[in-house]
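Taking it in order: structure first as structure tokens, then the write-up.
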């Protein structure tokens, strides 16, 4: 662990469901969950306040059901929101096994399972040293968990929004399909929007641009990558105003 002071005192980490699946097609990879909880515990040890938004694509993918007309878009999105709750429960317990006090806050009221999301309460918990996991997206259909991550990051006044992926940044084309793909070290929000690079959906990018909150895309499987980003070291791709 570095002796340096972290560059960011409060961050919002976006974990996609696909990232939590690791090498599996579906479900939660326990090794990934364990590594991420350890990385977050390291950040807490440095005094960094951590909010997390989790996706649900590892547990539910509604495109096929919607394509075949079996469920409508609104229902499909609601099913996806519930999938994020399951991922959030798993992450909460993984963190609490490391003695990291964690709050699970949902955009949808779910009684005994979570508490309802409130930005004021979330900020208070973060200041008290607790990790906050935000689930159920924005609570509304038609909005992605990327948009939810940017919204929550803005609401909790995070200094940086981090997107954990399976690649080490943003490329001009898919590096898994093109050996000559070029990685960007830095991009402006306008460049991402103009080139349609797929960092996040356009609504999410526009939100961050409007509120001047930088994004960092990094490889969650690379050792110490999350720590390096928070310490201000060169890691992944930075997207800024």
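Using N, Cα and C of the backbone, Cβ positions are placed for all residues, glycine too.
If you look up Swiss-Prot, you'll see 14, 15, 16, 17, 57, 61, 165, 171, 174 marked as ATP binding site, on the strength of sequence analysis. According to Swiss-Prot, the feature UMP binding site maps to 56, 77, 138, 139, 140, 141, 142, 143, 144, 145.
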Cβ-Cβ neighbours of residue 144 (UMP binding site) (radius 10 Å): 17
Position of peak Cβ density within 10 Å, selected from the binding-site residues 140, 165: 165
Among 16, 165, 174, which are recorded as binding-site residues, the nearest neighbour of residue 144 (UMP binding site) by Cα: 16
Residue 57 (ATP binding site) versus residue 140 (UMP binding site) - Cα distance in angstrom: 17
Cα distance (Å, whole number) from residue 56 (UMP binding site) to residue 16 (ATP binding site): 7
Distant-in-sequence Cβ neighbours of residue 57 (ATP binding site), under 8 Å, six or more positions away: 16, 17, 18, 21, 80, 83
Env. residues of UMP site, Cβ within 8 Å of mean position of 56, 77, 138, 139, 140, 141, 142, 143, 144, 145 Cβ: 80, 81, 137, 147, 148
Residues satisfying Cβ distance under 8 Å from residue 174 (ATP binding site), sequence separation of at least 6: 181
Alpha-carbon spacing, residue 138 (UMP binding site) to residue 165 (ATP binding site), which is rounded to whole Å: 21
